[in-house]
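The structure appears below as structure tokens.
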Amino acid sequence: MTSIIGNLLHSYNNKTPSQYKLLDSFLLVLCLSAVLEFVYALCIDNTPYNAFLGSFISKVGQFILTVNLRIQSNPSNAHHFTQISPERSFADFVFASLLLHFCAISFLG
Amino acid sequence: MAGSAANNTNNTLKSLLKLFTLLAIAGAAISSRLFSVIRHESIIHEFDPWFNFRATKVLVNHGFKHFWNWYDNTSWYPLGRATGGTLYPGLMLTSGLIHNILHSINIPLDIRNICVLLAPAFSALTAYTTYLFTKEVKDARAGLLAAIFIAIVPGYISRSVAGSYDNEAIAIFLLMFTFYLWVKSLRLGSAFWGAITAMSYYYMVSAWGGYAFIINMIPLHAFVLVLMGRYSPRLYISYCSFYTIGTLASMQVPFVGFNPVGTADHMAALGVFGLLQLIAFSTLIRQHLPSKQQFDTLLRSVLVLGFVVGVAAMALASHKGVIAPWTGRFYSLWDTGYAKVHIPIVASVSEHQPTSWPSFFFDLQMLIYLFPAGVFFCFHRLSDSIKGEASVFVIIYAVFGSYFASVMVRLMLTLTPIVCVAAAVALSTLLDNYIQDPDVEGEHQVENKETDHNTQHNVSHNTSQKAFTPKNKKTKKDTSISSTREKVIEKMQEKAGIRAPDARLVVLINVVLMLIFFVFHSTWVTSNAYSSPSVVLASKTPQGETLYIDDFREAYNWLNQTTSEDAVVGSWWDYGYQLAGMAGRTTLVDNNTWNNTHIATVGKIMASPEEVSYDILRKHDVTHLLVVFGGLLGYSGDDINKFLWMVRISEGVWPDEIHERDYFTPRGEFRMDEGAAPAMKNSVLYKMVYHRFAELFGSRPAVDRVRQIQLPKKGPQLESLEEAFTSENWLVRIYQVKQPDFLGRSFKDAIAFEKAARI
């Protein structure tokens, strides 16, 4: 099992272009922040509940949208997306993120 | 060049034809819903729409802030109702918006007319959306058929006639629109369309409680696609962007609150979300692992671990109470016997009874037998990479929709759109085969046969490379002999058999006749069964003229004009909304009361003897009691027929004071006449309903036309109530609650004194 993970990390470091590594580090930060927040809400205090939900879901949503962007801008995936060019995927990313954060902020109350 | 120009004009002609057809369908949809407006007047129908109308008036007259924070003191007296947070505001906001837009461009359309005509307008939009949805499943030809089906099918019309100002008026449109956007975003794999789907879902959540159907159908669809092995990045993107934005947005509706993260109805969506994350993660890692075996072990262990952890976490959360279980309304869909025992209010609603077989045909006519055929044709389409996923969705929706429609009559409405889509697919497939010219068909068939023949050759010669070029070379080589043989056989079969012009004509004429019968049936059902306002009843005199029975409005108007502003009216919950809407008086319980004890209190008032109910009436400051009695007219929906439900509900709260078997004779019959049980004869409802009824008949015995019984000559006497109003056909009777005697006597003594004094 450890050899598999070692292989994985090695291959990841070599094969991934630096732009994707940037995106991946953003994803990692989002993930850690969400986990921290969830643990805090679980153990210490989760009131006001809507504020917790708003920020947690906005992190999860931003995570997903960044993953979307990563998938869609990868040229090897182009056969899945016949009508979405990488530029279009970036526009989608911006629009969906704006909508997500608009909903999150109006939910904070 | 000429070919492309001809193609262009052809395409323009097709688009124009489609546009005109869609406009005509919209016109048909709107006009077939206007029967009651033309026959009677523009009035809000039924019961629930009156509340929605009252709420819309508050919104339009007092503004958005007041509406959002509205606390209604006149319903559920003395508790009051926080209406701002306990209704689905989508319908009222839509009407309010239309009202404001029209007023701002100087078209002063009255809010009542907007409310009455909202449903037909939205039904035209539903037809267009169904056209778009079916275009995603098959093509535009099936789309047009689906649009005309849903425009006039009685199953949808029943809840969207002009005047039926209820949540379903816009909810079905939003249901189909959300499903269309979902299928489209799945096909494109775009986060933009996923976000738009989430917005449409948010609008739907604000409009109807049936949004739980969407938030379970879409995850189920995603799950089935994963199980079928059709996971793709498109699925991941569209589902995840829909789910996160949709959940966040849907929690903004006050009535929904934190349900999307805390109740069992929404947990399926969360589970599928987690599953997709796991799969996407594994797919990402696959690129980095050298061997397939390592990837397989990793994938399997991750998936199994994730699944086990997820299920355990949800079970733990449900056990601890963090996740609320399925609410009674949805649980009773699964366990159909649950409601009768535990929540009698839900069981007593006539819309919640199981559907009978004739009502399927009544509501859907020929669509009900084209429906399974359409689902079968969807199975054929599964291999299509672009439209296959939409077909999976149609199949899933069809299966679950059929189950729910058979459990509850009310849910026929959610089945109707998919029946129209599937029936359109079936009919369109049939027509595709028989409308096309056989010469064109024949050439296509010959080409198909050639490629088939040659692929068989390739397989038999064991060529491992399935490259395109060897096939072409082979095609050119042995075209001559085999293809001429094929052509000869084709020519022989062409003009005979099922492709012959006369066979095609027979089939086509049959289909046209079926469609004509469908239109006739739908219009007849709409006109006779679903266009009655329920507030005004229509019947025929022996001379054949229409007689309008306007008793309800007469009674509500009397209440409005005569009683004081702070009068409190007690009645069974059915009439609460109409009372509040038309009479404008405070009510005890209405159609939305879920407080079982409150309804049981009213039931106890109706079912107990006068001494007991007088106490309750005084405690609740009730000034008037309203009952509906159909014995003179033959109107069978009156309060005596609902009486046993009153008893059952109040027995649930006071089992030691009220017993259902007390109201039956010792032999077990439920009788109203001379042989009625003593508890029945002493109950306030019986006394109120039959008070002075015998006087109408003079010397002949009084006959109750609904129960077909004869009543004793001496009717019941009331002590603590006095008759205030009886409508023209004795349909609505209003009684005033007497003030306590000014000398402190009991009512019996006071009446005896009066009688003695008169002699």
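Don't overthink the numbers, they just go from 1 along the chain as shown.
Positions of Cβ are set from backbone N, Cα and C atoms, glycine also.
Predicted automatically and left uncurated, TrEMBL annotations should be read as such.
Annotated compositional bias 'Polar residues' per TrEMBL: B:456-465, in sequence order.
The domain 'Oligosaccharyl transferase STT3 N-terminal' annotation in TrEMBL covers B:17-422.
What TrEMBL lists as region 'Disordered' is B:442-484.
According to TrEMBL, the transmembrane segment annotation covers B:16-35 (among others).
Residues annotated as transmembrane segment in TrEMBL: B:114-134 (among others).
Annotation comment: TrEMBL describes B:140-157 (among others) as transmembrane segment.
Look at TrEMBL and you will find B:169-196 (among others) tagged as transmembrane segment. For the transmembrane segment (B:169-196), same-chain residues at least 6 beyond its ends with a Cβ under 8 Å from one of its own Cβ atoms are 90-91, 94, 118-119, 122-123, 125-126, 129-130, 132-133, 136-137, 156, 159-160, 203-204, 207-208, 210, 213-214, 217-218, 221, 232-235, 237-242, 245, 386-387, 389-390, 393, 397, 413-414, 416-417.
As annotated by TrEMBL, transmembrane segment applies to B:208-228 (among others). Taking Cβ pairs closer than 8 Å, the transmembrane segment (B:208-228) reaches residues 88, 90, 167-168, 170-171, 174-175, 178-179, 182, 201, 235, 239, 242-243, 246, 250, 260, 265-266, 268-269, 271-273, 275-276, 279, 330, 389, 392-393, 396-397, 400, 404, 414 in its own chain, all 6 or more past its ends.
For the transmembrane segment (B:235-255), the list of distant contacts is 68, 84-89, 182, 185-186, 188-191, 193-195, 197-199, 201-202, 205-206, 211, 215, 218-219, 222, 225-226, 261, 266, 269, 272-273, 276-277, 279-280: same-chain residues at least six beyond its ends, Cβ to Cβ under 8 Å. Residues annotated as transmembrane segment in TrEMBL: B:235-255 (among others).
The annotation transmembrane segment is assigned in TrEMBL to B:267-285 (among others).
Nonlocal intrachain contacts for the transmembrane segment (B:297-317), taken as residues 6+ away from its ends with a CB within less than 8 angstroms of a stretch CB, comprise 267, 271, 274-275, 278-279, 281-282, 285-286, 289, 323. Annotation comment: TrEMBL describes B:297-317 (among others) as transmembrane segment.
The annotation transmembrane segment is assigned in TrEMBL to B:360-379 (among others).
Counting residues 6+ beyond its ends, the transmembrane segment (B:391-409) has Cβ neighbours under 8 Å at 137, 179, 182-183, 213, 217, 220-221, 224-225, 228, 230, 333, 336, 350-355, 359-360, 371, 374-375, 378-379, 381-382, 384, 415, 418-419, 421-422, 425 in the same chain. Annotated transmembrane segment per TrEMBL: B:391-409 (among others), in sequence order.
Annotation source TrEMBL lists transmembrane segment at B:415-435 (among others).
Sequence-distant contacts of the transmembrane segment (B:505-524) (same chain, at least 6 residues past either end, Cβ-Cβ under 8 Å): 32, 149, 152-154, 157, 365-367, 427, 430-431, 434-435. Residues or ranges marked as transmembrane segment in TrEMBL: B:505-524 (among others).
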Reported mean pLDDT - the domain 'Oligosaccharyl transferase STT3 N-terminal' (B:17-422): 87
Any contact, the transmembrane segment (B:360-379) to the transmembrane segment (B:267-285), with at least 3 Cβ pairs under 8 A: no
Intrachain residues whose Cβ lies under 8 Å of the transmembrane segment (B:140-157), provided they are six or more past its termini: 18, 21-22, 25-26, 28-29, 32-33, 123-124, 126-128, 130-134, 172, 362-365, 367, 412-413, 415-417, 419-421, 423-425, 427-429, 431-432, 518-519, 521-523, 525-526, 529-530
